[in-house]
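Trainee: Quick one: structure below, then a few questions.
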Amino acid sequence: GMVLQEPAGAPSLSTAAGGVGDAAAEVQLSRLRWAVLLLFSSYSLCNAFQWIQYGSISNVFMRFYDVSAFAIDWLSMSYMLIYIPLLFPVAWLLDKRGLRLIALAGSALNAVGAWVKLGSLKPHLFPVTVLGQVICGLAQVFILGMPSRIASVWFGSHEVSTACSIAVFGNQLGIAAGFLVPPVLIPNVEDVEKLAYHISIMFFMTAGVASALFILVIIVFKEKPPNPPSRAQASIQSRLSAEYSYVQSIFRLLRNINFLLLMVTYGLNVGCFYALSTLLNRMVIHHYPGEEVNAGRIGLTIVLSGMVGALISGIWLDKTKTYKQTTLVVYIMSLVGMAVYTFTLSLGHLWVVFVTAGLLGFFMTGYLPLGFEFAAELTYPESEGTSSGLLNVSAQIFGIAFTIGQGQIMDRFGTKAGNLFLCSVLFLGTIMTAFIKTDLRRQQADLENEQT
């Protein structure tokens, strides 16, 4: 069951690829692919946990370091800000040096950032925790563009969307842990020494896990399988060395109107998710004072339901290949979920907030792998690292803008006005998504190669 069936007398891959490349390449699935995927998901989880670990108990860290809410928000936004200028150098490295180097760099920086934070356990050492968070933000640049690339390089055409969903799954699980664990480990106590002790436990645990994952990446993570997993991937590998130009690839992507529309709509949706995640603690505490633990659990609910949505959407795409229709439906439901959450947050019933947050998360977070895979289809045979990197830059830019904008609106006009702002953004994104044309180039390439 490891080798995809080849028709008797099938032409060589050099013929299928238009006469370019190695005729001996055999399409075959590697058993190691699941270990590589699980390991990536794990260190992506650890990095995402470090992104939101401050924001999920922002009021506690504000008091410990004696800084403003805006300063704590910037600990989350630093991840977004760092990503923007470094996307292109890292995407270039991914194309030139491959998956293993990027995996090593991402997991190493993640571990280093976690250890640096251990030097910030005094109230006057806020700059040290900022430095640790900046290093973790650097690690994220080596992580966010990987899911669709790992899926394409290691997985067959019938499982590539599911694999991408699982890769994104790890990042979302990390955000879920970032909402759940800090409120449990760090109670809102008055004694600064006790608070420092509880914070140290979280920082030590994170550093230990990040270091173990870095060692596993060194041992387990391979560049690519011995054989290409699909005919489309074999065709790409045969062309890359001879004709690939990174700069020309970016120009081709920026001339692709459907991809540009997707890039903006992806940024609008994921930017809303970033803003909602960063400001969730402030919103819930405003309406339900003293409920830090439940604020974390509401964040957990958003992400866990979104992980279910991501997995279902990945399996659905592998079965149906209805990229445009699925993306549009999920976008519309994200808007509906955001509207319901907005008008039920202030009702005074926490269980209602849990339900509406779960509905919102199922669609909003479930959208993430959809965007990656739709982009890979629209831009084939361009590198998935470059296309997903551009999607992430869009998300980071909008994420910073929406976090600052919603924070200011909440301070002046209240939480409902801030959430209505996000509703208007999602409405605009829904309209723009409707104009994206279905141009499934990767599916077409696989179909043509199979027919050949």
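Each residue's number is its place along the chain shown, starting with 1.
In case you wondered, yes, glycine gets a Cβ from its N, Cα and C as well.
Unlike curated entries, TrEMBL annotations are predicted automatically.
According to TrEMBL, the protein has these features:
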type: DOMAIN; residues: 36-441; note: domain 'Major facilitator superfamily (MFS) profile'
type: TRANSMEM; residues: 34-54; note: transmembrane segment
type: TRANSMEM; residues: 74-94; note: transmembrane segment
type: TRANSMEM; residues: 101-118; note: transmembrane segment
type: TRANSMEM; residues: 124-145; note: transmembrane segment
type: TRANSMEM; residues: 166-185; note: transmembrane segment
type: TRANSMEM; residues: 197-221; note: transmembrane segment
type: TRANSMEM; residues: 257-276; note: transmembrane segment
type: TRANSMEM; residues: 296-316; note: transmembrane segment
type: TRANSMEM; residues: 328-344; note: transmembrane segment
type: TRANSMEM; residues: 350-368; note: transmembrane segment
type: TRANSMEM; residues: 389-405; note: transmembrane segment
type: TRANSMEM; residues: 417-436; note: transmembrane segment
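Can you walk me through where each of these features ends up in the structure?
Mentor: Outside the transmembrane segment (34-54) by six or more residues, the chain places 61, 72, 75-76, 79, 103, 106-107, 110, 113-114, 117, 129, 133, 136-137, 139-140, 143, 146-147, 150, 154-155, 163, 166-167, 169-175, 177-179, 181-182, 202, 206, 209-210, 213-214, 216-217, 220-222, 277-278, 299 with a CB less than 8 A from a CB of the stretch.
Counting same-chain residues at least six beyond the ends of the transmembrane segment (74-94), those with a Cβ under 8 angstroms from any Cβ of the stretch are 51-52, 54-55, 61, 101-102, 129-130, 133-134, 136-138, 140-142, 144-146, 149, 246, 250, 274, 277-278, 383, 385-386, 389-390, 392-393, 395-397, 399-400, 403-404.
For the transmembrane segment (124-145), the residues of the chain that approach it from at least six positions outside its boundaries are 43-44, 47, 50-51, 54, 65, 67, 71, 75, 78-79, 81-83, 86-87, 90-91, 94, 102-103, 105-110, 112-117, 171, 384-386, 388-389, 392, judged by C-beta separation under 8 angstroms.
Beyond the transmembrane segment (296-316), the same-chain residues lying 6 or more positions past its ends with a Cβ under 8 Å from any Cβ of the stretch are 52, 56-57, 161-166, 168-169, 172-173, 175-176, 178-184, 276-277, 280-281, 284, 322, 326, 330, 353-354, 357-370, 373.
If one looks beyond the transmembrane segment (350-368) by at least 6 residues along the same chain, the residues whose Cβ comes under 8 Å of a Cβ in the stretch are 168, 171-172, 266, 269-270, 272-273, 276, 284, 288, 291, 294, 297-299, 301-310, 312-313, 327, 330-331, 333-334, 336-338, 340-341, 344.
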Trainee: Is it true that the transmembrane segment (197-221) and the transmembrane segment (389-405) have 3 or more CB pairs under 8 Å, sequence gap of 6 or more?
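Mentor: Contact criterion not met.
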Trainee: For the transmembrane segment (257-276), give me same-chain residues lying six or more residues beyond its boundaries with a C-beta closer than 8 angstroms to one of its C-beta atoms, as numbers and ranges.
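Mentor: Contacts with the transmembrane segment (257-276): 76, 80, 302, 331, 334, 338, 364-365, 367-368, 371, 374-375, 378-379, 387, 390-391, 393-399, 401-403, 405-406, 422, 425-426, 428-429, 432-433, 435-437, 439.
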Trainee: In the same chain, which residue numbers or ranges, 6 or more beyond the ends of the transmembrane segment (328-344), come under 8 angstroms Cβ to Cβ?
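Mentor: Those are 265, 269, 272, 309, 313, 352-353, 356-357, 359-364, 366-367, 370, 416, 419-420, 422-423, 426-427, 429-430, 433-434, in sequence order.
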